[in-house]
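The structure under discussion appears below in the form of structure tokens.
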């Protein structure tokens, strides 16, 4: 039943098509992701006269700086970014162009299998829900998208954490490995899933909104076209619109996820008892208190600039791959 609904394409062929889309999307979109993470992970400048906590790198030692001029002898304020273009210019100027693709190997290791699992699970779940009449055709994409993303987030969360850290501060893979081992020794293996909550709160609603809107927009754009003749161009437009809407509505959770992951291991460097990890809702309120409502939407422009083309490229490449395998399978049947 699933193969029939999916145009006679096997799950393996779906995984190949989605994996190829993930590679293409990652190569184009990683610089925007690096800028987004940098903008979200920087904290407001501290006012003078206050105790300063500053982590000088990903999982690097955290310095406790008391009041006084002594701070100036060792502390240099990290490069501050005032906006998206400012971040691009300063990163290239101070760290080199290659930094814009920092974390790309980890991104590919994480994204290719995650995307293959996610897209295949979505199509199979949607076909199952519609075939068993467990939900209406209207809401099947929303339910299937949410369930597929929830499973994928759980499996990929540790790699997402490492990728975020590589992008937030430019460190070597050896340094990252040492820092992650230190964090696991201090907080256990559960520390690798730090940020799972806000990541799920960001990605599961994003997925539900994305697939619901994608199927609606695609149907509207198709008009009189049969369902199995969706053009790549229509998929590109529908994917871009749906990705933009979903990205805007879930951005505050993306900010929380980034800040929580970048802070991993920071307090352990100070000889104090580990602090209780605040809930997502408390972190949302803290960010709003420190930076205002705009702090909840830090990295808005790079996230939107990234979301629209990345979703468009990914879904159109996936649809093209499915069409390719569908034609290939049909030619095999006719030739046999």
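Just so you know, glycine gets a Cβ as well, placed from its N, Cα and C.
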May I ask you to indicate which of 76-96, 139-159, 160-180 is given in TrEMBL as transmembrane segment?
139-159
In TrEMBL, which of the ranges 100-119, 200-219 has the transmembrane segment annotation?
100-119
For TrEMBL, the entry transmembrane segment belongs, out of 15-35, 36-56, to 15-35
